[in-house]
Each structure stands twice: as C-alpha cells, then as structure tokens.
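Noted in TrEMBL for the protein shown:
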TRANSMEM  D:23-40  transmembrane segment
TRANSMEM  D:52-71  transmembrane segment
TRANSMEM  D:77-93  transmembrane segment
TRANSMEM  D:105-124  transmembrane segment
TRANSMEM  D:130-153  transmembrane segment
TRANSMEM  D:173-193  transmembrane segment
TRANSMEM  D:222-241  transmembrane segment
TRANSMEM  D:253-270  transmembrane segment
TRANSMEM  D:276-295  transmembrane segment
TRANSMEM  D:302-323  transmembrane segment
REGION    D:330-349  region 'Disordered'
COMPBIAS  D:340-349  compositional bias 'Polar residues'
Amino acid sequence: MSNTDIERPRPEAEVSAGEALLVEPSRLSPTRRALTTVLRSRELSIFLVLVAVVVLATTKNNGFIFSNDGWRNFLLNPSILLLLAVGQAVVIITRNVDLSVGSVMALTAYLTGRLFIEMPDIPIVVVLAACLLVGAVLGLVNGVLVAYGGVPALVITLGTLYIYRGIMLTWAGSDRINAGDLPREFLQLGTRSVLGIPLLTIMALVVLAIVGYYLYTARGGRELYAIGSDPDAAVLYGLPVRRRLLAAFVLSGALAGLAGALYTARYGTVSSSVGLGIELQAVAAAVIGGVAIFGGSGTVWGAAIGAFLLVTINRALPSLGIEDFWQRAVVGALILGAIVLDRVLARRQARKLAESRDHS
Amino acid sequence: ACGSDDDGGDSGSSGGDGGGSLSMTMLPKNLGNPYFDTSTAGAKEAADDLGAELEEVGPETASPDAQVSYINTVAQQGKDALILSANDPEALCDAIDEARSADVKVVTFDADTNPECRDLFVNQATAEGIASKQLELISEQIGGEGEIAILSAAANATNQNAWIDMMEKELADNPDYADIELVDTVYGDDDDQKSFDQTEALLQNHPDLKGIISPTTVGIAAAARYLSDSSSKGKVALTGLGTPNQMREYVENGTVESFALWNPSDLGALATYAAAALANGDISGEEGDSFEAGDLGEFTVDADGVVLLGEPFTFNADNIGDFDF
Amino acid sequence: MSASNAAAPVLELRDVSKSFGPVVALRSGSLRVEAGSIHALVGENGAGKSTLVKVVAGVHRRDSGTFELGGEAVDFSSTAESKKSGVAVIYQEPTLFPDLSVTENIFMGRQILARGRRIDRPAMYAEAERLFDRLGVRIDPRRPAEGLSIADQQIIEIAKAISLDARLLVMDEPTAALSGVEVDRLFAVARSLRDEGRALVFISHRFDEVFDLADTVTVMRDGSYIDTLTIADTTPSELVSLMVGREVDELFPKVAAEIGEPVLQVRGLNRAGVFHDIDLEVRAGEIVGLAGLVGAGRSEVARAVFGVDAYDSGSVSVSGKPVKGNDPRSAIRAGMAFIPEDRRKQGLVVDSSVTRNVAGVIRRRIAKAGLLTTSMENRAAGPWAGRLEVKTSALDMNAATMSGGNQQKVVIAKWLATDPKLLIIDEPTRGIDVGTKAEVHRLLSELAGQGLAILMISSELPEVLGMADRVVVLCEGRVTAELDRADATPEAVMHAATHHLEDVR
Amino acid sequence: MSTRTYADYSAPLWKRWLLTREMAVIALTVAVFVYATINVDNFDGPLTVKFLLQDIAPILLIALPMTLIIITGEIDLSVASIMGLSSVLLGVFHDSGMSIPTAAVLALLAGLACGALNGFLIAYVGLPSLAVTIGTLALFRGIAVGLLGTTAITDFTDKWSDLATNTIGESRIPLVMIPFAVLTVVFVVLLHFSTFGRGIYEIGLNDEAAHFTGVNVARTKLVLFVLSGVVSAFAGIYFTLRYGSARGDNATGYELQVIAAVLLGGVSIFGGRGRLHGVLAGVVLIGVISSALRLESVTVNVTNIIVGLLLVASVILPSVLAWTSSRLPRKAATPPESRPTPSAASAGV
Ligand SMILES: Nc1ncnc2c1ncn2[C@@H]1O[C@H](COP(=O)(O)OP(=O)(O)OP(=O)(O)O)[C@@H](O)[C@H]1O
Ligand SMILES: Nc1ncnc2c1ncn2[C@@H]1O[C@H](COP(=O)(O)OP(=O)(O)OP(=O)(O)O)[C@@H](O)[C@H]1O
Ligand SMILES: [Mg+2]
Ligand SMILES: [Mg+2]
C-alpha cells in the first residue's frame, strides 16, 4: 500500500491490493503486477499448505523426504492421480465433470496386462499408445453423448462409470494380472528414476506441462475457459463448443488411459478394485487446487498441486501421529475449506467492486 | 477316487433344480483373488469327481453385505450346499440361517463364521500351526532379533485375527523370541494398492524394521513387490502366506527367502467333498463323523464341526519350481 | 471483403421469417444495406429487430425468405460462419465471459498469435489499449470482465466488434447504456468505419441518435417490414406513426383517478455501488413512473423495495407499517405485488402450467392445512386467467408456449390474485405487441382507478409520460428529478436522466 | 368485465396418466418382473420378494429425499457416507453400553447434523452442492472410518437385528417396509400435495422466479438436506442391524446407486421434473434386474453394465426424441404469407 509501489503517481493515488479490480488500467509495473498475481493465487496458497505438510512430517520423521525411498515415494505416488486430476481439471473448466476416469483407468490397466500376456514381445511404447488410444475412445464416447446429446455430463459419466468397469470385469472374468505376467522392463518403468526423479513422475510432469502450456497459450485452451465461463455466450460467439467439449473429454479419457498403463507398471498387479473411487479424488484434487466446479477458472497447475497434497497428506498422517484412517476426513475438510475460502474471497471482491463503482 | 454317488443326490435336499445330481455354490470372499481362484479350481475338480454341479459366485470387493445377497440367492435357488469363505463371522449368520432353513448345507472354508451358524468348517491348518510357522520363518530370516511388523488383510478378518492373536501370545511366551519386538500391525484390506501403500508406510515409520509378516496372499505379494525395488530389499525380511505363482519372481530375485501356505486347491476340494457328504446325508457334522475326500484320503470331523486339512507347507527357492498354483 | 458484385448491397434480406414454437418473432423482415452507409433499424419493442439481427448473425436460422451477403446467397448455421463472412454483431444483451480478462473477451477465438501458434498476450494488451483509445475510454485490459458495469460491458462489445474488421457491423442498441460523451465517441468511430466503406446497421430507440448518425432508416412493426426511408426525407413523427401504426394517444388510455393516502413510503434507501438515498412515495390511485437510462438502477431499487434484494440502509413501509428487508414474503403480506422486468426468467416459471403460475403466490392461502391439490389450484386460478383473457386452451398448458403478451397477462393475473395494495411493475410492455400493449395500459389505468397504487418502471419515454401521474427520474442510482405530470416533458426527463453523467465526465 | 373460462386440462385423464415417463418405467418394471417370474428359475420362489425388498430398502428410503433434492436442481453425494457414519456411531454408542434405541436416536441426530451442514453450506453460503457433497462424502466417511478403523462392531442383540430382518406377521414383506411406507406417504404428500412441494418444483425450474414469488429458496433447500441426512442415517441403522455389523465402509458407493435409480425413474438432473412413483419404480427395476441376474448366476458386472446403459439411455432418449420431433415440423412448416411492401427499389438510397 505504500507509494513506492506506484510508477506513475497520480493525485488520487490510492493503490490497494484491490488494484487489479479497478476498471481503469493498473498503475503497477508489469513485474509487480505479475508478482501480486502470483502471491494472490490459489496455487501458491495450496502449495504453501503442501510445503507445510512436508516440513511437519519431515521434522517428525527424517525419512519422510530425506531418504531414498522417501524422496522417491514423495514424487512417485501422486503421479497417477496427477494425470487424472489434469484431465479432470480440463473437463471441469468447461463446466462438465468426468466421473468415468476410474473405470477407464481400470480398463486400460487390465488391457496393459492382457497385451503383455498375449504378446510378450510387444514394445512398451506400443502398449502405452494403445492405452492412450483406448482411453481417448472411451472419452470420445462420453464427449459425444454430452456434446451432442445435450445431457449433463454428471449423468452420462455416471452411466459410463458403471458400463466401463462392468466391461473390464466381464472381460477379465476371474483372471487378474500379476507382476509375473509383465516384462521386467515394464515394471521398471514404474520404479526407475532419472537424476533422482522417478520416470513416472517425469511423464506426469511432461503431460502437465504440455496441457498447462496449451491451456494458457493456445486459442483452443482459452476457448475451453470461455465455454466454461458462459456456455450460452460461447455459442453466440461462434466458438466451436462441441468440438472443444469432445476434445476435453477425449483428453480426460486419454490421460485416464495412460494412468491405467502406469498403474500397472507401478503396482504390478491389476485387481478388480483398480481405480475404484479415484474419480472423486481427481475431482477433489482439482477443486482443492482452485478449479471452480462451475467452470471457467482455475489451472491444471493448481489441480496438480492438489493431487500432490491429497496423496502427501495420506502419507504424512502416520508420521504426524494420526492414524491414516483419518485421511479421508482430512481430505473432506480440505475440500470444504477450499470452496468456502473461495466463496469468502469472491464476496470480499464483489464488495470491493461495488465500493469502487461508487468512488469512480 | 471313489465313484460319484449318484443316487444319494436327492436325499436330504429339497431337490435343487438339476434332476438328481447335487448342486452347490462356491462363494469366496471376493472374485479375482488368485488364492480363491485356485481353491475354486480344486473345488470344481472335486465336484466333477463327484458328478456334482458347482458354480462360483461372489462380490467384487470383500465385504460381508455383498456376500449376504449371494447367500440369499442360494436360499432362493434351494441349492444343496453352500461353500463359503466368510468376510465377517457375525454379519452373515442371519442370511446363513435362512439358507439352512431352506435345507442348504453350509460349509465354511478358509475363514469361518461363528460355529453355530454353519454345518462344518474346513480349516486349512490350525491357527497355532499357522502362527508358529510364520514366527519360525521370520525368526530364522532376521536372526532371532529385531523389530517386526504384520501386514494383515481387513482388520476384522476372522482367520487373520486369530493368527495374529496366536503370534502375539507366542512372541510373549516363547523365550526363543524374546529379542523380537512386534512394533506395528497394519491392514491392507486384501486390496493390492492399499497393501502396497501400507508396506511403504511401515518402512517409512519404522526405520529399524527387520521383518514383515503378511499372513494373506494379497498382502505378501504387494509387500514383496514394494520391497523388490526399494532400497530395503535384502535388509527387511518378508514372510507370510502366499501362493507360489505370485511369489515365484520374488523368491527367485531374493526379496523373499521363504513363505508358507497350504494348497488352496486341496482346501477347495476338501470343502467340496465335505459339503457333498453333508448334502448326501453321509455325515451330519457331528464330532467324530468321517468321510472320503477323493485323492486327499479320509477326514474326520473334530470338535466344533472343524475339519483340518493339515500343516502348512514352506516354499523356498529350492522347491518353488515344483508348484503351479 | 472479396470483390463481389460492386453494385450488390452488402446485406439484403427479403421476406425473412422466424418462429419460436407458436411465437412468430419475425413475420416478414426485409433489409437492404449498402456499403459505406449507416442504416438505422427502428421499431417498437418486440418488433423483431433483434431476431432479424440474430438471423444475420447465424444465431437463428430463418424459416423462410432470402438472405444475401454481397450478392451471394448465404445460410448461416452458426455465428462462426457469419464472422468468417465478415459480419460483426453487437447483441442487445452483453455476451461476455465473466471469468476471462477484458482483452481475452475481445480477442476470443482469434487471438493474436506469436511464433509457434502461441497467444501473444502483450500484443493483445497493446491492441486492446489501442481500441480503447480509439473509443476514448480507460479500461484495464487485464482485469476480468466480471463486475463491469453494463456501460463498460457494452464498450467491450463495441471494441470487440470493431476489432473484427468486418464489412458489415450490426449494433443492436449499443448506446442504451452509454453516456453522452461515450455516445459521441462511438459515433465518431462509426462514421470513420462508414467512410472506410463498411456497412453499418444501427438499432436504437432514441430518435435523436438515429437522425444524428444514420443515412437510411428501415421501420419494422410486428415482425414485418414497413418501409425504408432516407433520413433526409423523413421526420421523427413520420417514423413514430410508421412504427406504431396508429395514433399514439390511443396507446395510453389514461383515466383520471382519485389520489388517496400514501401506500408506499421509501426513505433513504441505500445500497453500496447500486443506489443511494432513494426516497419514494406512491399514493393510492396514483401511477408513479420511474424513468432513467438503462443501468440507472431503477430495477435494483424496485427489487430492493420488494425485498428480493437486500439493501444496506433505509426503510420501506406500506400503509405506514414497516416492511422487513430482503424478504419477499413479508412484502407480499404487506400487500405488495411485483411484476419484474424479465418475464421469462423472473416473472414466470415458463416450464410450468398456467394454473401453477397464476396460483403461485396465493397457493398458501388456498391450501387447507398446508395441503393442496391441482384442482384446488385450478379453481382459484381459472377466474383470474379468465379476467385477463389469457389466450390458452386449457389451464394445464405450459406458459413456455405462449406469446410474450399472454405471458405478461399470466404474470399480471398471478399478482392481481393476491389482491395487492401496491403494484410495482417493471417494463410492463417490454416485448408486447401493440394491441396487447394498449390492453395492458388500459388495465393499469383501471386498476389505479380502483385505488391501487402503482409504481411503474419503463424505458419507453412515451409510456412513462402517457401513463404516469408523477415521474421520478433516476440517474446512476440517485433520484435526480421528481416531475408532476404537467412538467414531465421528454426534454425534462432526458435531461434529468443524463445530466448527472454529463456533470461528471 | 368479460371473463373467459377454460378447460382444466388439455388432455383426457388416461392420457395424462398413462403417457408419462413414470408409467414407462413402471411398465418396464412390471415387464421385467413378469419375464423373470416366468423365465428365471426360483424367481417365483417364496423368498424372492422378501430378499428383494430387504436389499433395496436402503435405496428406496434414501431415494425419497434424494428425489426432492434433485428436483430442486441440487444433488447429495454424501448419503452413503452418512449411512456409514450412522452405522459406526450406532455401533460405537452401543459398544459403550447404550441401549440400541438410545444409540439409534443419537445416530439419527448425527445424520441430522450432517444434513444440516450440507444444507447450510449449500443454501446459505451458496456453494455448489456437487462440490460441497463431494467434500462431505469424504469427510463423513472419513470420520466413520477414523472412529472404527477397519474393525467392525457385531454384537447386536438378536432382538434388534430381527427387527431389520423379520417380516410382517406371516407375510413376505420385511418389517422395514412399515417405516418406509410411512415415509413414502409423507414424501408424496410433501412433494405432490403441499405448498412446500410446489416450491420445490419452482426452485428446480427457475429458482429466481421462485424467489420473486416468495418461495424461501434457502430454507427449502436446508430442510431437504436435513431430511436427506436423517433418512440416510435411518437407512444406515437399518443396514447395520440387517447385517449385524457396524463398519466404517458400510454402504460404500450407495450414493451412485441411489442417484442412478432416481434418474432412471424420470427425475431430471437439471431439476424441476420427476415424480415419486417413477423413482420408486426405478429402484424396484434395478432391484429386480439384479435379483434375477443373480439367480441366473450372472455376475454383478453385467448388472452394472445394464444399469449404466439404462441410465445413459434414459437421459439420451428424451433428447433424441425431442431432436427428431423438432426436425419433423420444420419441413412441414408452411411459409408465412408474403407481405406487400418490401422491394429493393424503395430501399435504394
Ligand atoms: N428465443 C425466443 N423464443 C420465443 N420467443 C422469442 C424468442 N426470441 C424472441 N422472441 C419473441 O419474438 C418477438 C420479437 O423479439 P425481438 O427481440 O426480435 O424484438 P426487438 O424488436 O429486438 O425488441 P426490443 O426493442 O425490445 O429489443 C418478441 O415477442 C419476443 O418475445
Ligand atoms: N453485471 C453487473 N455487475 C455489476 N453491476 C451491475 C451489473 N449489471 C448492472 N449493474 C449495475 O447495477 C445498476 C442497475 O442496473 P440495471 O440494469 O438493473 O438498471 P435499470 O435502470 O433497471 O436498467 P434496465 O432498464 O435495464 O432495467 C447499475 O449501476 C449497473 O451498473
Ligand atoms: Mg431487441
Ligand atoms: Mg430494469
């Protein structure tokens, strides 16, 4: 609030933190503006919570992060949820939701195992590509039903949640995939590290970076926000709403498909419970990370940090002396806290806006 | 093998659907569990041998309420016998009562209900036997001293809990184990990923851990997979109850030295023979009754309606190649 | 801007029609716009102007008629196609994406790209600032569109449209929310666009603007084309008679009523950012007109008085008894009735039956011990629908299928059924055809004659002047004039409605 | 003043009743039931009705308030977690020496508190119900699991368990159908024959208009979420006594089953549409299908696929029908009579 913040002082100089909300152009320098944006962002606050959890857990138990396995697990465990949360965030940004991701993941996890059993020499890349593709097709089904059927995504993806898992379980019958069925190199994919960073994490981060970059810098990405912000206006505006919705669901499906393959690599077995209930965790990660459930705002970076936070809290609770049974309760409280906080901030902003109109 | 006992088929049963031959339902804790896949395979062979009809049904996740619906269905169908591994000792009793009043003979195997509820329990091994076997193995592997932990199935799994109680008692009483300390018991719910994560948590929270006992096939496989590529491989011993096919890789790569199990296929088969004997009226489930169980030989019903399969068998690098289940 | 037939007009529509279910929004619209001209489109509310515009924009697909752009027949099925063909449209209702920044709103879908198909934000900000400079306004291009005033939203729509570089620019009431200075700037831009050879269609209810800006004017009435005239050859009164199609007096059958005791008393009503120090009084038998520009806060005041919105301070009382704030039920109990401006969103549950709508407010009264059946509702609602001559075959018909005028009758019936002492009516004849309009006016007069106090908000000056016993003018959320029927000339009202703006800017 | 009069209804009674979405679901349910009775062995047995009703009782119960909530355009995903929490609380209180009735009352109160938390956040703080109840789904389940870990409390005396499993006298109707019938009457009256119910539909169709006509939107929503919490807790108590087992993970995933049944029964997820008889038929339909398939030893996966397909079809079909019927009259539409005036000549500048 000091005058040193101001580059071009004006007579009625009254620069406040609410500066960004004023109608007239801001008087802050670009760097300062960028800095305030970051400081006020949801991503930063949730990141700080993550840091706090890690620091607390590490002071109680050094190995939480300062041990080979601790460090690796810290990075590795959230990777799969991170992929799902990224896809989910993109769908939620368009004011939809994809509840079928857990089932898609189960289906491709089993597919991975089946492929290796049927064709032991199949290259790993082909398997990953197949899973991406199958996931994309399943996502496309959701997308077509939502975009062309004009029916709510919640119902459609609830239906496909049942259908996809039913297909997986029927297909699998009573066989399950064991580590022994999978080639060693594939299993190593789930555990190998490059420069101290697990390969799976690198893959997840690469996906995150690409999607995040696309959403921020590509026309298509911005249109997703526009669609979520006001679907009717998007139609009036002439945006390719249906195509973009399809793309969002295909992306979510494809990432869930990839997550399925990586799940198999990481855990080595595929049982009937793969990904059961993980869809709600993915939604939770996005919501905690600041993606508004009614679309139009939020970033995949936030969703990714949300995924990290959820998984890390789960790991940290025992270190903090809390039985891990309470993990879900903590997650629930976090989600509620996140949305209530959003609402409180939004109300404060609305009040500021109203007042700024009176003074203008 | 003894021939199928065709004309005994409808005696004592309300007459199922098939004309004459016995019809039975196999209800494991959950489907897609390799251990139960093996026991069902054994049961099917025994059923073929008996000329009986056997069908496997079951829930996707191991919960008692899901099993109740299947028990109800068996009652509706008026099957001759139900062979069941119970997810809860109490919760199933009402449904089982109902099935028994519809003239269904109920044999539990692997995990028992309260003895009043069922006709017979086919026990894989005595709880004492299983508990002391596992302690013996872990003690051997960690050199008789250090911290150990248990990775179990669900916290209310009857058989696991019985074994854990026995182990605790023996650890306290047996001077051979005076230097072994049980520091934690965690539950993986027979869920693969959860067991995997629980293993990680154990290692993280107990840096001095020397050994893990996992008395459940899902748990030991998940723990072995975690250990096999963690830095604790070779430093933390792992034993418990597992199937050879699931564990082969880890025994061969040195993560696991040895583990124990009975033959689940034999267990399934014995349960089936017992169920058939009950349904045919050959036995009533009283202590001292005895029946033929095909290649397995003759078995006698002990106190509380328990039939014992035998002692658990130890698998290690030398013998694991001889088994395929 | 392909070099098509130079002689062909940029836009030509002939006998275009468009219906929404049973509602014929556009019966036979025609419009011919030449390059390098500004063409005004005038007509009453509901004449079908916006519908015509939406056909041109590709929002609606016409049911019949011809539609040519630059001499070529076109048939748009989406707004993307019309944009591609060089048509830019500013819709009557702002269509902004509230979560996105002002700049993104302007450039959505056609952002400036840097290398690698990456959006070039700095270039877009610079371009947005250039556009705002041209329009002579100062808006932060980085702020979100959420929370902008209607006027600022409209400016962004204008910036968006002129940045499109279109050969045809259609503006549906762009000036409704703008102050004099802003209007002047907009006109300067419009003229420079015309001088570049583009064609502009300009819709406005303000004749001074039409005569100031346009070269040609087309009049529509009741969904149909009436006539096209050059501005130089016509007069406002000629346009009015073409628009209305009958004498204006006939529209406002005001009967003198005996004015009684004050019914509504509003003292010092305040709401930060919306309205300030509002004092109002409406007496029995009196019609008070609340006038002002769009966005002046008239509806907000009415909503706060009725309690659907909260207010920060002040008091509202009916017949001397205070009414609790922010509680429509206590307003209803006190004898208020409120017919809101947006019929389809606020006044009616359009997907519900006539019965349910008409009995909507009185159902607590007709219920026995909280229980009620559809036949009880039918018995209560039928007579009211009948008194207002709602045109429907049965009481269980959905209100969605009805014409705007009939819907308005249903809303009026619903509130008259409560036997109110005070009726607040916001835009009583918006989107209602001329015949029904006169009916509504007659009804209001009649009700006032029976001693009902009426507070009427209207954007149509003739309606306010024709109906009101007293006119209260609002500007930027403050009362700027209170005029008796005799003093309420169009000039006096417009001055009061805008002077505040001009003082400030 | 001349007053017109109108017919009350545009179509005869039978048309208004028979040609509805709800009747289609009921007809399908009856058809499946008849088919199963004839073709599925043992479906006509004496135990079928009892087991069927016992199985679907919790879903039937929760579907009542869920229908009302979805008609207002909201959703409650936390119902199964409230069931789990009330189940655990019943067990924990009982274990600490309370009688079952006392423990049950406390568990119901806990359900009420859970519903009130949901309702407060949704109706008064104005948060989206989807996000709130995803949060409380985790929170309530987390508390349940946290309190009891994965252990179970199973020492419920037979006297009380029998209440949950016995039938009414000699009939095959389980006792739990008595409170269910009472609740059904209450909810039918509430939704279809009360001013409160009219408000529920109005909120779902257009909450702004409802607010303008004096419906207390916030209070209505709060009441509905509280009802949902209490009924879910009741279902949780029934579930616990029926299976004689209080566990933190009891009834996991039931929320989706309830919602699937409600939507299948013709309630629109957008709100404003749906009737209770359709919903109850939807629940029974899913129950009959699962029961028949179980008797045929078809795995539960197939049942899930069928439920999923029914759900998708039930929302897609109306859209498809609307789309096709909107296409038809388009072609049939006659061009409007052409007006005289328009001509390019008069438009010439
Ligand atoms: N989507 C729609 N569905 C049904 N009726 C509609 C729809 N859009 C417009 N109408 C009706 O069509 C008629 C013409 O409306 P339109 O918006 O074109 O009028 P307008 O001349 O632009 O009026 P105004 O000056 O008030 O903007 C009105 O009676 C309106 O109620
Ligand atoms: N979306 C919005 N966000 C913030 N403020 C708004 C918004 N829309 C309108 N306002 C403000 O609310 C006040 C009243 O606007 P409103 O359009 O309701 O006025 P009105 O006089 O009733 O106009 P109308 O003739 O359209 O009914 C204005 O000060 C306007 O700036
Ligand atoms: Mg218009
Ligand atoms: Mg208004």
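Every residue, even glycine, has its Cβ placed from backbone N, Cα and C.
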Would the transmembrane segment (D:23-40) and the transmembrane segment (D:276-295) count as touching if the test is at least 3 Cβ pairs under 8 Å, pairs 6 or more apart?
yes
Assess whether the transmembrane segment (D:130-153) lies in contact with the transmembrane segment (D:173-193), where contact requires at least three Cβ pairs under 8 Å among residues 6 or more apart in sequence.
no
Of D:52-71, D:77-93, D:253-270, D:276-295, whichever stretch has the most CB pairs under 8 A to the transmembrane segment (D:173-193):
D:52-71
Leading stretch by Cβ pairs under 8 Å, where the reference is the transmembrane segment (D:222-241) and the options are D:52-71, D:77-93, D:105-124, D:253-270:
D:105-124
Should anything in the same chain at least six residues away from the transmembrane segment (D:276-295) have a Cβ under 8 Å from its Cβ atoms, list it; otherwise answer none.
20-22, 25-26, 28-29, 32-33, 36, 40-43, 48, 51-52, 55-56, 59-60, 63-64, 67, 184, 187-188, 191-192, 257, 260-267, 302-303, 306-307, 310
Output the single range from D:52-71, D:77-93, D:105-124 maximising the number of Cβ pairs under 8 Å to the transmembrane segment (D:253-270).
D:52-71
Given a Cβ distance threshold of under 8 angstroms, which distant residues of the chain, six or more beyond its ends, lie next to the transmembrane segment (D:52-71)?
79, 83, 129, 165, 173-174, 176-177, 180, 183-184, 187, 190-191, 200-201, 204, 224-225, 227-228, 231-232, 234-236, 238-239, 242, 251, 254, 257-259, 261-263, 265, 267-269, 271-274, 276, 279-280, 282-284, 286-288, 290-291
